[in-house]
Ligand code: CP3
């Protein structure tokens, strides 16, 4: 089955016919669909309120809370898709990796993975490890009506960067040292992570997610030849593993201007683009047969309404010749963003692109 086939399983026809899924399938749309990476749980006061006193990873395991947080930006901004509230490290935590998300820092791993013996600690992920994911997505798809839900996971490289470094890094020196110095261990680690990631995405799709996004947020640190040799095979394995479900697969990274062609080659239906490459140039790099997602610089939202609208219009103009365009930011919503600026941006994109 391909992304162009008729709806199946749990997905209602109205969801299948939504502007977001149509744009992903490169079909004509009534308006350019828009959603924001990190729209859930970043800048919203109602998010901070419901999260009070609840650690991040604990919040991801509470289906009612997950449902509420996922719905908040849909209600407030009228975006064309919801993104499941979770985190890229949730499947790793679920298989027993000793990690936590430290506020203001990010994921921190108690014992980093540096040796073959460490790798043996990464076991398979089964649906029984994450019953709360199935439960939350079931609740969500009932509440969302025609609005599609995007499931997501971290790509093998980005997950490996946290596991090998032990936390966030700017240089990825330990991860890259393994990639260059022990290519077999590196390949085995990425392959292991590909299986875990594919299993995590399958649970989300089977529970009712209508599309999936693979976040390879930090892949931009790699030269194209290294990406092709040492990372692409694992990401391609993830995309292949979920292809049979027929939902659109989105592939995103930051600073990936030089990798856009390869990221498309890995098997995605939609390639996410950050703000550094205009979409009319990005489409040349990605090649035909893929939709694009992006790519307003998230800091533009701090500059005032007229600037936001002018810059959003530049994105729409650059996307005019695309077969499929999903409007988004070039990376996640920044925590200090004014939520009203996001709501106005959704209204602007819908109005300016109405056909
Ligand atoms: O729209 C959404 O926000 C959906 C949920 C979501 C979260 N993380 C929740 C979260 C998504 C899609 C992610 C993905 C994620 N997590 C990525 C890829 C996306 C990207 O921005 O490139 C990465 C690299 C991570 C790892 C991670 N988790 C980081 C870097 C951080 C931020 C640390 C900080 O506090 O600055 C987290 C924590 C995290 N994940 C928060 C949320 C809402 C903030 C924690 C909190 O509110 O206490």
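The backbone N, Cα and C atoms fix where each Cβ goes, glycine too.
Taken verbatim from TrEMBL:
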type    : residues                              : note
BINDING : 38, 39, 40, 41, 42, 87, 162, 217, 331 : substrate binding site
DOMAIN  : 33-42                                 : domain 'Uroporphyrinogen decarboxylase (URO-D)'
DOMAIN  : 150-166                               : domain 'Uroporphyrinogen decarboxylase (URO-D)'
SITE    : 87                                    : site 'Transition state stabilizer'
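Taking the features listed in TrEMBL, we show where each one sits on the structure.
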| residue | record | DSSP class |
| --- | --- | --- |
| 38 | substrate binding site | coil |
| 87 | site 'Transition state stabilizer' | coil |
| 162 | substrate binding site | helix |
| 331 | substrate binding site | coil |
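Only 38, 40, 87, in sequence order, out of the recorded positions 38, 40, 87, 162 have a CB under 6 Å from ligand 1. For residue 40 (substrate binding site), the same-chain residues lying six or more positions away in sequence with a CB closer than 8 A to its CB are 47, 69, 70, 72, 73, 82, 83, 85.
Only residues 6 or more beyond the boundaries of the domain 'Uroporphyrinogen decarboxylase (URO-D)' (150-166), in the same chain, are considered here, and those with a CB under 8 A from a CB of the stretch are 35, 81-84, 86, 88-89, 91-92, 97, 99, 106-114, 137, 172-175, 178, 186, 189-191, 193-194, 196-197, 200-201, 204-205, 209-219, 221-222, 231, 234-235, 238, 250-251, 253.
Ranking the binding-site residues 38, 42, 162 by C-beta neighbours within 10 Å puts 162 at the top. A Cα-Cα distance of 13 Å separates residue 162 (substrate binding site) from residue 87 (site 'Transition state stabilizer'). Counting only same-chain residues six or more apart in sequence, the Cβ atoms lying under 8 angstroms from the Cβ of residue 87 (site 'Transition state stabilizer') belong to 56, 57, 60, 101, 107. Max Cα-Cα distance over the annotated substrate binders (38, 39, 40, 41, 42, 87, 162, 217, 331) is 23 Å. Proximity of residue 331 (substrate binding site) to non-local residues of its own chain (separation of 6 or more, Cβ distance below 8 Å) is seen for 37, 217, 254, 274, 275, 298, given in sequence order.
Averaged over the domain 'Uroporphyrinogen decarboxylase (URO-D)' (150-166), the predicted model reaches a pLDDT of 98.
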